[in-house]
Amino acid sequence: MQQDTDGDASEFARAKVNLALHITGRREDGYHLLDSLVVFPEIGDRLRLLPGAPPLSLTLGGFFGPQLSQARPDNLVLRAIEALAGACCQPPLRAGLLLEKNLPVASGIGGGSADAAAALRLAARMTGVDLPQAEWLALALSLGADVPVCLEQKAVRMSGIGEKLHPAPPLPPAGIVLVNPLKEVSTPAIFRALTQRDNPPLPALPSSFGSCGELAEWLKSCRNDMQEAAEALCPEITEVLAALGEAKGSLLARMSGSGATCFALCAPQDAASIAAGIEKSHPEWWVASSGKIR
Ligand code: C5P
């Protein structure tokens, strides 16, 4: 599996952004079927290995670390490492881990899933284990529907409940601005509030996008089918979308996942100035930008 290291003993856990998300049905077990174009900006948490080889433990840092309160044994990072050990019939990694939690919690950009995927990559690298691709995906899916897509952190079209991953067409250079009004949104609550669950899938994807303007135009023929329900439960989302839509250089504003984080798609060189403008007008919001998506 591809690693994403920056230095030798850490993994970057990029946010996942649903540029489009259609809800196309529901399985008998209650999980929803979706069709989504997912990309990854250079914005994320970082999972670091601390020196020494103590029993497995997790310390939380970063701006949003305190919000995760205690690193309880059911934290997804620890569960991922235990699950990998179980799948490989090995004892779990002996390590102290530090999770720098830079992404807001319960915010529609897959923070917990990205952390779990980073834990799988880090533990695999440190213990030297490997699994066939299908087993990696099954293990990831057992931890959460968004964990498989976060393993590779590359643009994909995702369907099923998140387990079917198809390569996306090559992306043009593009920037992303993420804004969250710092209101936690419960994913199951938004799924429950949906009034329509049998929407059409994404329209056919072109073989490539010539520019970020072309990508934005294609995205305008798509939606996030969870946006309306999320706005009803969390009205601040409407304000965030207005601010992102009105910003100079913004090509498209939409919510990611079940919210409340929304994004603006823009040219790479516009991301920082859009973010600076919103930070100035709304210092109470979380704002992050990336001049690159993958
Ligand atoms: O898989 P994950 O733990 O991220 O999902 C959280 C909750 O969101 C699930 O328990 C389920 O209620 C809902 N969900 C869903 N359909 C999906 C993904 C999640 O209904 N495809």
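First residue shown is number 1, and so on along the chain.
Using N, Cα and C of the backbone, Cβ positions are placed for all residues, glycine too.
Remember, TrEMBL labels are computer predictions, not curated facts.
On a predicted model such as this, the values are computed, not experimentally measured, just so you know.
Quick look at what TrEMBL lists:
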- K16: active site (ACT_SITE)
- D146: active site (ACT_SITE)
- P104, V105, A106, S107, G108, I109, G110, G111, G112, S113, A114: ATP binding site (BINDING)
- 75-151: domain 'GHMP kinase N-terminal' (DOMAIN)
- 213-275: domain 'GHMP kinase C-terminal' (DOMAIN)
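Structure coloured by features recorded in TrEMBL.
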residue: K16; record: active site; Cβ within 10 Å: 28
residue: P104; record: ATP binding site; Cβ within 10 Å: 24
residue: A106; record: ATP binding site; Cβ within 10 Å: 18
residue: G108; record: ATP binding site; Cβ within 10 Å: 30
residue: G110; record: ATP binding site; Cβ within 10 Å: 30
residue: G112; record: ATP binding site; Cβ within 10 Å: 24
residue: A114; record: ATP binding site; Cβ within 10 Å: 28
residue: D146; record: active site; Cβ within 10 Å: 27
Per DSSP, three-state class assigned to A114 (ATP binding site): helix
Which recorded positions sit within 10 Å of K16 (active site) - Cα, from P104, A106, D146: D146
Other same-chain residues whose Cβ falls within 8 Å of the Cβ centroid of P104, V105, A106, S107, G108, I109, G110, G111, G112, S113, A114, the recorded ATP site, in sequence order: A15, L103, G257, T261
Whole-number mean of pLDDT values that fall within the domain 'GHMP kinase N-terminal' (75-151): 94
Helix, strand and coil residues within the domain 'GHMP kinase C-terminal' (213-275) as assigned by DSSP: 33 helix, 12 strand, 18 coil
Cα-Cα distance linking D146 (active site) and P104 (ATP binding site), given in Å to the nearest integer: 16
Inter-residue C-alpha distance, A106 (ATP binding site) and D146 (active site) (nearest angstrom): 13
Filtered binding-site residues, from G108, G112, A114, whose Cβ is under 6 Å from an atom of ligand 1: none
